[in-house]
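Asks: Mind looking over this structure? Questions follow.
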Amino acid sequence: MFQMAKRVLLSTTLTFSLLAGSALPFLPASAIYADADTAVTNKQNFSTDVIYQVFTDRFLDGNPSNNPTGAAFDGTCSNLKLYCGGDWQGLVNKINDNYFSDLGVTALWISQPVENIFATINYSGVTNTAYHGYWARDFKKTNPYFGTMTDFQNLVTTAHAKGIKIIIDFAPNHTSPAMETDTSFAENGKLYDNGNLVGGYTNDTNGYFHHNGGSDFSTLENGIYKNLYDLADLNHNNSTIDTYFKDAIKLWLDMGVDGIRVDAVKHMPQGWQKNWMSSIYAHKPVFTFGEWFLGSAAPDADNTDFANESGMSLLDFRFNSAVRNVFRDNTSNMYALDSMLTATAADYNQVNDQVTFIDNHDMDRFKTSAVNNRRLEQALAFTLTSRGVPAIYYGTEQYLTGNGDPDNRGKMPSFSKSTTAFNVISKLAPLRKSNPAIAYGSTQQRWINNDVYIYERKFGKSVAVVAVNRNLTTPTSITNLNTSLPSGTYTDVLGGVLNGNNITSSGGNISSFTLAAGATAVWQYTASETTPTIGHVGPVMGKPGNVVTIDGRGFGSAKGTVYFGTTAVTGSAITSWEDTQIKVTIPPVAGGDYAVKVAANGVNSNAYNDFTILSGDQVSVRFVINNATTALGENIYLTGNVSELGNWTTGAASIGPAFNQVIHAYPTWYYDVSVPAGKQLEFKFFKKNGATITWEGGSNHTFTTPTSGTATVTINWQ
């Protein structure tokens, strides 16, 4: 039986010999992987990718002629608050010399590419610059210290030729530091539109910014409508700002970017962001994920709601916290890691779309002098083989250290390809494209104690099993291990780099073995699928007429049927059909959440649940209600006649709880909502305390939404 299984594996996984450790030359992903779902052209799905987050300024100076001059620049990079010279040409150089390809990286997440302020800012006697990219002034121009538009286009083109996607950081929450009373401070938060001044923070007569002071982060509302530190906070309920950011992101999409990382999503109205995402998906849909900072692995209701309802994924801080606690800080054990995976799978509708990571530019690096290299290598192996889209912070493969800003943003120390961390990444990263169990699979714990975790990823008939022993001094005897691996002998994909061993399976029962101290091993089986099996649908929402990409296995070559709920889509509405990918037009059905299924050769696939169909083009509307007094424990909610307002439900799909502290004060309440454009809405507010509902009286309120821009509708409680 194993000989047959082995033939299937060799015939369906082009990279098998590479994964087993043979010295095949590394080819770009576009050359190795023939499946459509794994191609660099698949901008809607990053499940088969490994992201490499790079601080552009800190990576490599490929063009010294574009470096800043004077006090803003330190070519030695000893002053980490100044520019160090890294640019897009430096990235191009490392793409061309195959550093990223040899590492196994298939997506680069670069610093925000837009023009930042040129002024330096003195904080506590230290000169600060916008090297990080988060002090924008013009979202329609490039940061000249990174390169020109031509340079950026060259970066995208060069990356694509090597099978590498480009993700841009994007920060529509704010412009740059400003002081209300001092127009000479920095650049007064001024916003420009391709060189033309839109407005500054002081004397903001057009209401482009919020002027509510700095946030103390005590509530979600406080963090949204007040300034993030001293950054000039943009008012997304202003039609000019709304249009500006829809136009600005389209400019970068038209340059060919493949993904967007949205900064500070916790600090912008969810309703505006959903309307913005709808405009992106209607233009050129790309994988988008946001930053919602969490300080622990504990569930957060607002974070979960955003991940499930906003139209974008999130950086998975719950995953990050659990991994750091277990592997870096020794403050919890493998049971906590397993619990995190179980809890997040239950909480996040599309858990495989959340972006996993072990460190980034806003926290201490994983590696310190007190953290053994093996713990870093194990954390990398876990992240690369776990659910979600893995992101590796630049320099991790070189064991770069640094606690806090700016030390966690140091200069790339070397480009060695011989470190163990580099080796671990390069061996495991290709699994995401060769074995769909890693890209799309479910997760099941198979063996566990405080220090050892053995888990299985499974998709269809494809399987991967990963064993990690974080105890660096004590081996563990593994008995009674049962998996879905077919009968046969399986070699460690890592080739023993982390002291892993081979195993033998007999009908899924694994012969007893000893997992060495500090060992990590990965065993995998890849099989072809004859049954249609959906792994991913992207984007996660869209309006009728948008094209959606369905990825998976076993769809066959003959065009079948796609179902949105019970609505069948056939014929020309299916724009392409391949064994691993289908592109289909969303049918003209009512807005709401739908299960997507595929029928091929008379066989129905699994259901991919919670795909959101919008009622049409979206606009952001602020709903305000006056004189809504409440008793202790009561909050104000909104519902109405479209799915975006909950279709008259008082349950989880209703809107709220409304806010009443910053833009308006109690007993006036407000909330920003993404609703269909150019449509007459009917709606009502209600009070809710647990299961107790109190509706306002009178007839339904009505409001016709604008066809573009934003609006505010204000009513009195009746």
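Glycine residues also receive a Cβ, built from the backbone N, Cα and C atoms like all the rest.
As annotated in Swiss-Prot:
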SIGNAL    1-34  signal peptide
REGION    35-172  region 'A1'
BINDING   Asp61, Asn63, Asn66, Asn67, Gly85, Asp87  Ca(2+) 1 binding site
BINDING   Tyr134, Trp135, His174, Asn227, Leu228, Tyr229, Asp230, Arg261, Lys266, His267, His361, Asp405, Arg409  substrate binding site
REGION    173-236  region 'B'
REGION    237-440  region 'A2'
REGION    441-528  region 'C'
REGION    529-614  region 'D'
DOMAIN    613-718  domain 'CBM20'
REGION    615-718  region 'E'
Asks: Give the number of CB atoms, excluding that of Asp61 (Ca(2+) 1 binding site) itself, located within 10 Å of its CB.
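Replies: Other Cβ atoms within 10 Å of Asp61 (Ca(2+) 1 binding site): 20.
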Asks: Using Cα coordinates, what distance in whole Å links Asn67 (Ca(2+) 1 binding site) and Tyr134 (substrate binding site)?
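Replies: So the Cα of Tyr134 (substrate binding site) lies 18 Å away from that of Asn67 (Ca(2+) 1 binding site).
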Asks: Within the domain 'CBM20' (613-718), what mean pLDDT does the predicted structure show?
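Replies: Here the mean pLDDT over the domain 'CBM20' (613-718) amounts to 98.
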Asks: Is it the case that the region 'B' (173-236) and the region 'D' (529-614) have 3 or more CB pairs under 8 Å, with pairs at least 6 apart in sequence?
Replies: no
Asks: Looking at the binding-site residues listed here (Tyr134, Asp230, Arg409), whose Cα lies nearest to that of Gly85 (Ca(2+) 1 binding site)?
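Replies: Its closest listed neighbour, by Cα, is Arg409.
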Asks: According to DSSP, which kind of secondary structure is Lys266 (substrate binding site) found in, if we only use helix, strand and coil?
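Replies: For Lys266 (substrate binding site) - judged by DSSP and reduced to three states - the answer is helix.
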Asks: Between the binding-site residues Asp61, Asn66, Asp87, which lies closest to Lys266 (substrate binding site), Cα to Cα?
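Replies: Result: the closest of the binding-site residues to Lys266 (substrate binding site) is Asp87.
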Asks: List the other residues in this chain whose Cβ sits within 8 Å of the Cβ centroid of the Ca(2+) 1 site residues Asp61, Asn63, Asn66, Asn67, Gly85, Asp87, in sequence order.
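Replies: Apart from the listed residues, the neighbours are Gly62, Pro64, Ser65, Gly86, Gln89, Gly90, Tyr145, Phe146.
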Asks: Which binding-site residues are spatial neighbours of Arg409 (substrate binding site) here, meaning Cα within 10 Å, out of Asp61, Asn63, Asn66?
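Replies: Taking Asp61, Asn63, Asn66 one by one, none has a Cα falling within 10 Å of Arg409 (substrate binding site).
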Asks: Which Cβ among the binding-site residues (His174, His361) has the fewest C-beta neighbours inside 10 Å?
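Replies: The binding-site residues His174, His361 were compared, and His361 has the fewest Cβ atoms within 10 Å.
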Asks: Could you round the CA separation between Leu228 (substrate binding site) and Asn66 (Ca(2+) 1 binding site) to a whole angstrom and send it over?
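Replies: About 30 Å separate the Cα atoms of these two residues.
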Asks: So, by DSSP, how many helix, strand and coil residues make up the region 'C' (441-528)?
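Replies: Result for the region 'C' (441-528), in helix, strand, coil order: 0 helix, 46 strand, 42 coil.
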Asks: Return the count of C-beta atoms lying within 10 angstroms of the C-beta of Gly85 (Ca(2+) 1 binding site), excluding that atom itself.
Replies: 25
Asks: I'd like to confirm something. Which of the binding-site residues, Asn63, Asn66, Asp87, has a Cα closest to the Cα of Tyr134 (substrate binding site)?
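Replies: Closest recorded candidate to Tyr134 (substrate binding site) by Cα: Asp87.
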Asks: Given the binding-site residues His174, Asp230, His361, find the one whose Cα is closest in space to the Cα of Asp61 (Ca(2+) 1 binding site).
Replies: His361
Asks: If we check Cα distances from His174 (substrate binding site), which of the binding-site residues Asn63, Asn66, Asp87 wins as closest?
Replies: Asp87
